[in-house]
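S.K.: To start, I am sharing the structure in question, which I have written as structure tokens.
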Amino acid sequence: MGIKFLLHAICVWTWTTCWVLTASTDDGLVRVSLKKQPLDLKRLNAARITRVGLESNVNDQGAGVVYLKNYLDTQYYGEIGIGSPSQSFSVVFDTASSNLWVPSSKCLFSIPCHLHSKFRARWSSTYTKIGIPCTISYDYGDVSGFFSVDYVKVGEIIVKDQEFIEITREAFLPFLVAKYDGILGLGFPEISVEQATPLWFSMMQQGHINHKLFSLWLSGDLTSELGGEIVFGGLDWRHCRGGHTYVPVTRSGYWEIVVGDILVESISTGVCKFGCAAILDSGTPLMAGPTQIVDQINSAIGAEGIVSMECRNVVSKYGYALWNTLISGVRPEIVCVDVGLCLYNGSQKVSGRLKTLLEDETMEGSAMGESAVCTFCEMIVFWIQVQLKQQKTKDAVFQYVDQLCDDLPNPIGKSFVNCGSLEILPDVTFTIGNKSFPLTPQQYILKVETSYSTVCVSGFVPLDVPPPRGPIWVLGDRFLSAYHTVFDFGNMRVGFAKSAN
């Protein structure tokens with residue numbers, strides 16, 4: 001009752017805005033509620049990093065609304081329809097690409113196609129085949145197909161004669177595990193394959209929206225089934241707090257802006273002090289930037305590679321047990337068996353003690369599993385043995401072992417932090433338009449489910465683009481979920497306001 005009274009009071013004060021919002025809802029804008037699911041390492045590893053004053057009364061009868069789902073905190077997608085009658089597809093709304101594609105009924109030899117909705121041209125009375133072949137390359141693999149034309153339904157808006165791609169071949173991963181069927185690009189025509197007109201551009205050309213813009217809200221509430229909302233032709237003021245800060249689009253193609261200095265707990269990282277390019281990318285969960293800055297950030301938040309993290313976990317839990325076992329005279333090759341971290345000579349026989357350790361301790365907090373723990377144990381035993389032969393003290397030995405753990409390579413490129421330390425980690429602040437846009441640890445850290453535990457992953461990964469194109473940042477969903485974003489094509493600008501999650 002209190003919320004209803006508050007909304008009524010706001011409507012009295014800003015009657016024009018509220019009338020517009022009601023009109024938009026009564027105009028038949030479709031709202032689709034979708035569920036969320038936990039993030040896991042396999043899907044996170046498949047997440048890509050991309051290639052290299054507006055008032056609320058614009059939310060009027062010409063606006064189109066599509067609600068999005070946050071899948072695994074890496075994939076925000078919603079439903080559209082293609083053809084007459086309409087065939088439904090779930091698509092990622094991607095601001096860093098420009099083509100619309102979905103699997104085709106002619107996709108016969110790619111397994112992922114058989115796990116998703118496929119477009120059947122013969123079912124549509126408005127279909128026209130173009131037939132021009134094309135390939136779209138992503139960091140995780142290619143998709144190939146051919147161009148077609150048909151009606152596309154977004155919310156209650158029907159875009160006529162929209163070019164799209166029928167995919168006939170998909171890369172095995174990550175599309176095999178993807179919950180979405182295809183991708184709907186929200187970038188500019190300049191980066192569209194074969195210069196196909198982006199769907200949001202067609203909306204403007206056909207007069208479906210009164211304002212040349214769309215807005216994006218991604219929910220940061222992990223307990224909510226609603227993942228977000230995209231509004232074509234306007235914005236919903238309920239999803240933002242305060243006014244938007246607008247900055248110009250500096251290069252057409254991507255939604256590219258300039259960011260200034262990036263600060264960690266109010267301390268400058270320096271590299272972008274005089275400005276760096278930044279691309280807004282709703283198709284990736286991460287934020288990528290110059291290695292020099294990302295290393296500073298990850299160092300400040302205690303992030304490290306998963307291999308180093310697991311190595312340290314074994315040292316922390318079992319290091320002294322390994323030391324005591326070695327100095328007691330147990331042969332090095334069976335020390336890890338003796339402390340319960342390895343199976344003897346690869347035998348499948350598991351002792352009661354080992355089984356208990358595997359269930360109660362070894363797996364707890366481990367993102368890599370039993371075989372990796374055994375490998376780390378044997379590696380650490382070797383390191384300790386070498387140091388013992390040099391008659392080093394216990395403190396010196398473990399200082400040496402810790403350093404070797406730190407120096408291990410990180411093959412998947414992600415950095416991990418202690419989930420228990422989030423409350424004490426510093427904010428990371430981006431300077432945009434001479435204003436500060438801070439991210440809290442809860443906003444820049446991703447919680448990832450593994451088979452045995454939850455691990456926390458830094459949302460910052462390195463991306464080095466040389467001048468004159470770089471240095472460059474890619475601001476993905478970690479940033480976009482913190483700030484409601486308006487993509488204003490009519491004025492060639494982008495606006496940010498604090499998200500009302």
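Positions of Cβ are set from backbone N, Cα and C atoms, glycine also.
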S.K.: From the disulfide entries in TrEMBL, identify which of C107, C134 pairs with C113.
M.R.: C107
S.K.: So among C107, C113, D281, all listed as recorded positions, which is physically nearest to D94 (active site)? Use the C-alpha atoms.
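M.R.: If we rank C107, C113, D281 by Cα distance to D94 (active site), first place goes to D281.
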S.K.: Counting only residues 6+ apart in the same chain, whose Cβ is under 8 Å from the Cβ of C113 (disulfide bond)?
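M.R.: The answer is P103, S104, C107, I167, T168, E170.
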S.K.: Between 0 and 100, where does the mean pLDDT of the domain 'Saposin B-type' (370-411) sit?
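M.R.: Averaged over the domain 'Saposin B-type' (370-411), the predicted model reaches a pLDDT of 81.
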